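Colleague: One structure, as structure tokens, below. Some questions next.
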Amino acid sequence: MSLGSVPLKYKISIDRDQCMKCMRCVDNCSYGVYRIEDDKILIDSRKCTACHRCISMCPRDAINLKERPVDYRSHPLWTVEAREDVINQARTGKIILAGMGNSVDYPIIFDRLLLDACQVTNPSIDPLREPMELRTYIGKKPSKLEFTKNNGDIDLKTKLSPNLKLDTPIMIGHMSYGAISLPAQLSIAKAVAKTGTFMGTGEGGMHEAIYPYQDHSIVQIASGRFGVDIDYLERGAAIEIKVGQGAKPGIGGHLPGEKVCADVSCTRMIPLGSDAISPAPHHDIYSIEDLAQLVRSLKEATNWEKPVFVKIAAVHNVAAIAAGIAKSSADAVVIDGFKGGTGAAPKVFRDNVGIPIEAAIAAVDQKLNDQGIRNEVSIIASGGIRNSGDLAKSIALGADAIYIGTAALIALGCRVCGNCYRGLCPWGIATQRPELVSRIDSDVGAENVANLIHGWTLELSELMGAAGLNSIESLRGNRERLRGYMLDQGLLDVLQIESMGA
Amino acid sequence: MAEPLVIDVKGMHYSPLNKMIREAVASGVKEIVLNNVLGQRFIGNGVRGDAKITINGVPGGDLGMFMSGPECEVFGNAEHAPGNTMDRGSLIIHGSAGDAVAHSMRGGKVFVEGNIGYRGGIHMKEYEGKRPILAIGGTSHAFLGEYMAGGIILVLGIGHEPAVEDRGIGSGIHGGEIVIRGDVDDKLLGVGAKKVEFTDDDLVRLSPLIEEFCGRFDIDPTPFLDTNYSRIIPASARPFAGKYTWE
């Protein structure tokens with residue numbers, strides 16, 4: 001028996017009095033919601049993804065969008081989504097694929113953490129008047145420094161490991177060319193060069209358009225080893241081994257053949273139109289010893305001149321795993337929380353596997369401190385960091401720096417519609433179609449992304465100044481400056497913070 | 001012809017050794033001989049150029065990883081993942097090798113006279129003129145050519161009847177081909193792999209490779225030029241297509 005159709009997700013309507021039939025909505029919608037018949041704009045709401053491209057381009061604010069215009073009988077357990085997923089799988093018998101990050105309404109720990117400020121007993125600092133030190137070094141720090149005296153001169157005897165120098169603790173995480181368009185990646189590259197920070201290339205090689213910004217890039221080596229050769233490794237300012245991703249811990253990635261166009265094929269070094277399959281594990285890493293071997297292999301290949309990061313998804317045993325990574329010669333551990341974004345992930349993974357970044361940062365920082373190896377690796381946190389408040393809290397929990405992904409894409413136009421995997425992104429971000437890709441001007445995009453980084457950096461300075469701190473080192477791991485807002489004792493213990501009022 | 005650079009690596013750590021090799025190749029040395037090699041990892045790692053490196057002994061893991069050009073000839077066995085993510089050049093191993101031989105290799109040749117461990121040729125891939133080759137004189141353990149995306153794996157199975165007895169051959173293969181002497185039991189094929197007829201044209205096409213391999217190890221190629229092989233290729237170039245539905 002036919003299951004019929006499910007109700008519309010979104011209902012689009014046009015205020016016909018306002019509409020001047022400029023046709024911008026028709027031209028801009030890549031999902032085919034609008035068409036013209038007999039000089040009238042007709043609407044097929046079923047095709048709408050709520051990407052807001054038409055709304056943002058309408059000069060008369062004539063378009064209205066309503067989510068879930070049809071009510072179901074409300075039920076606390078059998079939510080609309082639960083029912084519709086069952087219907088989908090009853091029809092197809094397949095794995096449900098979803099875009100963007102975790103969409104389950106889990107409590108957001110960041111929103112239950114409160115930052116501190118000074119009152120009376122110690123003065124707050126005005127960042128306008130006093131320098132705020134946000135410079136951040138990512139990489140190994142020596143456990144002690146040795147000097148030699150030489151006729152009154154003092155020379156450093158300890159050999160320092162290579163570090164990345166960041167002007168602000170905000171980096172942009174790995175989104176590959178292939179997953180996102182070249183103008184989107186180029187916007188990000190220009191933005192990080194402008195703001196003195198770094199971006200990840202993702203697994204997919206480096207397009208030659210990015211070469212001028214390679215000193216601001218972290219090249220990624222993932223289980224598919226796409227686009228990886230010695231030239232690629234030498235180009236990056238640092239190298240990152242991707243073991244896992246917060247949005248889909250424990251599984252690999254598949255770039256569908258449709259997205260492998262000529263340029264993507266050349267950058268990834270795979271045939272046109274073939275699926276790019278990244279297996280779940282790296283098949284030369286089956287143990288922590290094997291990981292150490294890959295870290296050292298990358299260092300050998302690049303003459304021990306580049307920091308090597310290891311990125312893992314935040315999973316239950318994240319602290320012990322990070323401690324293993326810290327002992328592997330790696331220079332930084334990247335922890336990606338379960339709210340991290342993705343172009344496509346099986347929904348059941350995206351919504352159910354892993355732990356939030358807040359708990360993972362605290363657990364890893366504490367474990368490394370307990371083992372006396374916190375100086376061996378920097379901690380880079382990512383996965384659902386939305387604003388400078390989340391940034392400040394991440395650092396206070398113990399992170400050295402953060403990666404943002406979704407926030408940077410929103411700065412390029414993304415409205416988090418979550419249809420990235422369809423390759424039709426009307427904002428020209430998650431697509432390779434020339435007519436859509438050309439919607440991003442990388443100079444304008446770079447300006448927007450740089451503005452975002454700049455704005456957060458200013459806010460971070462203000463938050464630190466208010467707390468009487470003038471250097472990022474004084475905020476890092478300073479959990480005394482955090483309080484929990486209605487968090488349970490178990491989580492307060494993990495985060496190693498007190499309750500508000502305490 | 002210039003004298004080869006001979007290094008006695010007994011007791012030496014891999015890092016200074018590799019530094020010496022890299023500097024020598026960069027300065028134009030064409031031939032390097034390493035004696036008393038015992039477990040030094042990453043030999044030839046990321047080295048560019050056309051040098052020849054002779055390795056007397058047993059090198060450690062990741063021999064020739066990211067290598068782009070040189071030839072390493074090993075008189076001994078090799079460890080874990082020789083030819084890992086190798087780009088160009090060749091590894092000639094007069095012995096056996098461990099697991100993940102030629103892992104993600106994208107170009108060049110890996111010849112192993114003896115046997116290899118598990119996951120040989122896993123995720124080898126090709127692009128345009130670059131077509132990696134893994135040839136094995138002996139046999140292979142399970143998951144040969146897993147996730148293979150391009151290139152050729154040849155198994156002669158000398159002294160082994162059948163040539164390969166372990167399962168999971170070509171699991172998830174979506175490009176390239178695996179050629180094994182004699183018949184391969186269907187139950188040894190991995191998910192996504194299929195066996196097709198090995199034609200006379202295939203033999204003509206692969207004869208130069210068989211002859212080159214045998215030539216490097218002083219093996220008489222005649223019996224291998226007049227025998228049957230099994231050819232294993234992807235059942236589909238899109239093994240994961242059809243597994244997903246949209247939200």
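In case you wondered, yes, glycine gets a Cβ from its N, Cα and C as well.
On a predicted model such as this, the values are computed, not experimentally measured, just so you know.
Feature list, courtesy of TrEMBL:
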{"type": "DOMAIN", "residues": "A:10-38", "note": "domain '4Fe-4S ferredoxin-type'"}
{"type": "BINDING", "residues": "A:Cys19, A:Cys22, A:Cys25, A:Cys58", "note": "[4Fe-4S] cluster 1 binding site"}
{"type": "BINDING", "residues": "A:Cys29, A:Cys48, A:Cys51, A:Cys54", "note": "[4Fe-4S] cluster 2 binding site"}
{"type": "DOMAIN", "residues": "A:39-68", "note": "domain '4Fe-4S ferredoxin-type'"}
Colleague: Taking the Cβ of A:Cys58 ([4Fe-4S] cluster 1 binding site) as the centre, count every other Cβ atom within 10 Å, in any protein chain shown.
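Modeller: For A:Cys58 ([4Fe-4S] cluster 1 binding site), the count of other Cβ atoms within 10 Å is 19.
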Colleague: What same-chain residues lie close to the domain '4Fe-4S ferredoxin-type' (A:10-38): Cβ under 8 Å, and 6 or more beyond its ends?
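Modeller: Residues packing against the domain '4Fe-4S ferredoxin-type' (A:10-38) from afar: 44-45, 47-51, 53-54, 57-69, 419, 424-426, 431, 433, 436.
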Colleague: Using C-alpha positions only, work out which of the binding-site residues A:Cys29, A:Cys48, A:Cys51, A:Cys54 is nearest to A:Cys19 ([4Fe-4S] cluster 1 binding site).
Modeller: A:Cys54
Colleague: When you measure from the Cβ of A:Cys22 ([4Fe-4S] cluster 1 binding site), how many other Cβ atoms are you left with inside 10 Å?
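Modeller: So the number of other Cβ atoms within 10 Å of A:Cys22 ([4Fe-4S] cluster 1 binding site) is 14.
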Colleague: Using an 8 Å cut-off from the Cβ centroid of A:Cys19, A:Cys22, A:Cys25, A:Cys58, can you name the remaining same-chain residues around the [4Fe-4S] cluster 1 site, in sequence order?
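Modeller: Here the nearby residues are A:Ile14, A:Met20, A:Lys21, A:Met23, A:Arg24, A:Ile41, A:Cys54, A:Met57, A:Pro59, A:Arg60, A:Ala62, A:Ile63.
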Colleague: Helix, strand or coil at A:Cys25 ([4Fe-4S] cluster 1 binding site), per DSSP?
Modeller: helix
Colleague: When you average the Cβ positions of A:Cys29, A:Cys48, A:Cys51, A:Cys54 for the [4Fe-4S] cluster 2 site, which other residues in that chain have a Cβ within 8 Å of that mean position?
Modeller: A:Ile12, A:Cys25, A:Asn28, A:Ser30, A:Tyr31, A:Val33, A:Tyr34, A:Lys47, A:Thr49, A:Ala50, A:His52, A:Arg53, A:Ile55, A:Pro426
Colleague: Counting across all protein chains present, how many other Cβ atoms fall within 10 Å of the Cβ of A:Cys48 ([4Fe-4S] cluster 2 binding site)?
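Modeller: Taking all protein chains shown, A:Cys48 ([4Fe-4S] cluster 2 binding site) has 23 Cβ neighbours within 10 Å.
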Colleague: Near the Cβ of A:Cys29 ([4Fe-4S] cluster 2 binding site), how many other Cβ atoms are there if near means within 10 Å?
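Modeller: Around the Cβ of A:Cys29 ([4Fe-4S] cluster 2 binding site), 23 other Cβ atoms lie within 10 Å.
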Colleague: For the binding-site residues listed here (A:Cys19, A:Cys25, A:Cys51, A:Cys54), which one has the lowest count of neighbouring CB atoms within 10 Å of its own CB?
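Modeller: Sparsest of the binding-site residues A:Cys19, A:Cys25, A:Cys51, A:Cys54 by Cβ contacts within 10 Å: A:Cys19.
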Colleague: Rounded to a whole angstrom, what is the C-alpha distance between A:Cys54 ([4Fe-4S] cluster 2 binding site) and A:Cys25 ([4Fe-4S] cluster 1 binding site)?
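Modeller: Cα-Cα, rounded: 5 Å.
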Colleague: For A:Cys54 ([4Fe-4S] cluster 2 binding site), what is the secondary structure by DSSP, using just helix, strand and coil?
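Modeller: A:Cys54 ([4Fe-4S] cluster 2 binding site) sits in a helix per DSSP.
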Colleague: Going by DSSP, is A:Cys48 ([4Fe-4S] cluster 2 binding site) part of a helix, a strand, or coil?
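Modeller: Its secondary structure by DSSP: coil.
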Colleague: Can you figure out which of A:Cys22, A:Cys25, A:Cys58 (the binding-site residues) comes closest in space to A:Cys48 ([4Fe-4S] cluster 2 binding site), comparing Cα atoms?
Modeller: A:Cys25
Colleague: Tell me, roughly as an integer, the mean pLDDT over the domain '4Fe-4S ferredoxin-type' (A:39-68).
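Modeller: Mean pLDDT for the domain '4Fe-4S ferredoxin-type' (A:39-68): 97.
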